[in-house]
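Novice: This is the feature table in TrEMBL:
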{"type": "REGION", "residues": "63-94", "note": "region 'Disordered'"}
{"type": "TRANSMEM", "residues": "105-123", "note": "transmembrane segment"}
{"type": "TRANSMEM", "residues": "135-155", "note": "transmembrane segment"}
{"type": "TRANSMEM", "residues": "175-196", "note": "transmembrane segment"}
{"type": "TRANSMEM", "residues": "202-220", "note": "transmembrane segment"}
{"type": "TRANSMEM", "residues": "227-245", "note": "transmembrane segment"}
{"type": "TRANSMEM", "residues": "257-276", "note": "transmembrane segment"}
{"type": "TRANSMEM", "residues": "283-305", "note": "transmembrane segment"}
{"type": "TRANSMEM", "residues": "343-363", "note": "transmembrane segment"}
{"type": "TRANSMEM", "residues": "370-393", "note": "transmembrane segment"}
{"type": "TRANSMEM", "residues": "399-419", "note": "transmembrane segment"}
Amino acid sequence: MTSFVRRLTVGSTIPHVPVHHQKFKPTIEIPAFPLLPHNIQRPLGIALRSRKYWRVEAVGPVGRSEGGDSTKKAGGGPGPGPCSYSLGDRTTEVERRERNRTVEVVVAAGVTVVLGVGNRVLYKLALVPLKHYPFFLAQLATFGYVLVYFSVLYLRYHAGIVTDEMLSMPKAPFLAVGLLEALGAATGMAAGAILSGASIPILSQTFLVWQILLSIIFLGRRYRINQLLGCFLVAVGVIISVASGSSSGHSLKEAGMFWSLLMIVSFLFQAADTVLKGGSIDLFVVNSYGSAFQALFICLLLPFLSKLWGIPFSQLPNYLKDGAACFLNIGGTLSSRCDGAPLLPLLFVIVNMGFNISLLHLLKISSAVVSSLASTFSVPISVYVFTLPLPYLGVASSLPTGFVAGAIILVTGLLIYAWTPSGSTAALPSPSN
């Protein structure tokens with residue numbers, strides 16, 4: 001019986017593969033049937049009349065022996081299977097990519113934690129020289145956002161990530177985002193200038209509570225039991241910390257309940273802002289236009305917001321002029337109380353933007369759980385840093401027992417919130433503060 005043997009190569013191209021004609025008893029016989037017209041009816045059944053058979057054998061890439069049986073003889077033992085070489089390469093490549101991705105996530109998470117701590121600490125340090133001009137710092141940071149976000153948006157547009165359709169969307173939602181960001185930034189800066197440094201990271205976690213409440217009310221979102229329990233513990237921890245006293249004279253009590261509540265309200269505005277941002281639009285599109293409208297609204301709302309600081313409208317031009325002089329650290333007697341400017345305010349603006357971008361990058365390459373945990377770990381570290389003798393803050397804050405207990409309960413709540421039960425794939429909102 002005559003057989004026709006074809007050797008088909010799997011993998012890299014072999015320069016010359018001979019066709020062997022040999023007699024063998026095939027283990028798998030593929031009959032070569034003649035093609036028939038589709039309209040010719042044949043009786044039921046298959047008649048095997050051809051004696052031609054094809055034997056198909058897969059051969060590995062260059063470097064493998066061209067003879068199927070000669071490999072065994074030359075090596076003295078059984079050679080690798082036909083496809084084992086390429087499968088092994090593929091497995092190695094997958095493992096290498098997984099290792100690289102894990103390293104990238106760990107590095108990005110570490111950078112986010114470091115920038116998160118720096119952001120929280122510099123937030124307070126920047127308000128030391130500009131303690132009497134918090135609205136000037138808010139506007140300065142906003143203009144920095146506009147510059148950076150629109151620069152990144154320009155690059156993403158030319159890279160094809162941002163489309164013309166995204167840029168042509170109605171701007172009304174961005175208008176609302178800008179208004180909420182302006183209110184959040186201005187009220188937060190005003191309260192942060194009065195509150196102690198250690199209390200600001202604690203109060204900032206009310207962002208999570210507001211975010212869950214607003215998303216349930218307006219988006220109809222449902223949360224798991226562990227998320228609701230974690231949110232409850234966060235609220236309890238904040239209440240205990242606010243109610244605590246301090247022997248150092250820097251407690252939330254002595255700062256005044258009004259400023260603590262004002263800081264909490266500022267995070268209400270920020271949480272409402274993130275709820276509005278939810279969607280499939282590129283975040284840099286939202287942040288760019290949102291920061292532009294934020295700068296506009298801070299200018300428009302400044303006459304009203306300045307009343308929080310007891311500044312009459314007629315003195316507003318002088319207030320802005322003195323704020324610029326204090327930022328530049330010029331102006332004779334005025335500069336004596338502006339030590340640390342402009343270095344500290346500029347450092348805060350740079351680190352704050354770096355933290356926001358790193359958080360977005362971490363969210364993109366990992367998950368909301370990882371970004372939430374990275375933000376969570378920066379809270380207790382920031383509180384501890386404020387117990388150290390930092391420059392421009394004077395005597396280090398001593399934390400009372402009630403404050404520490406509240407902070408521990410709060411961090412426990414954040415960890416429970418971020419915990420994902422096995423088999424669950426629900427996405428978690430990530431606090432950005």
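Keep in mind that glycine also has a Cβ here, set from the backbone N, Cα and C atoms.
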Novice: Between 105-123, 135-155, 283-305, 343-363, 399-419, who has the most Cβ pairs under 8 Å to the transmembrane segment (227-245)?
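Specialist: Going through each listed stretch, the top one turns out to be 399-419.
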Novice: Do at least three C-beta pairs under 8 angstroms join the transmembrane segment (135-155) to the transmembrane segment (343-363), pairs 6 or more apart in sequence?
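Specialist: By the criterion, they touch.
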Novice: Considering only Cβ pairs under 8 Å, which range in 105-123, 202-220, 257-276, 283-305 makes the most contacts with the transmembrane segment (399-419)?
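Specialist: Out of the listed stretches, 202-220 contacts the transmembrane segment (399-419) most.
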Novice: Against the transmembrane segment (257-276), which of these stretches has the most C-beta pairs under 8 Å: 202-220, 283-305, 343-363, 370-393?
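Specialist: Per the Cβ under 8 Å count, 202-220.
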Novice: Going along the chain, which residues at least six beyond the ends of the transmembrane segment (283-305) come within the CB cut-off of under 8 Å?
Specialist: 135, 138-139, 142-143, 145-146, 149-150, 152-153, 156, 162, 166-167, 169, 171, 174-175, 177-179, 181-183, 185-187, 190, 273, 277, 313, 316, 356, 360
Novice: Going along the chain, which residues at least six beyond the ends of the transmembrane segment (370-393) come within the CB cut-off of under 8 Å?
Specialist: 105, 109, 112-113, 116-117, 119-121, 124-125, 128-129, 196-198, 201-202, 204-205, 339-340, 344, 359, 362-363, 399, 407, 410-411, 414-415, 417-418, 428-433
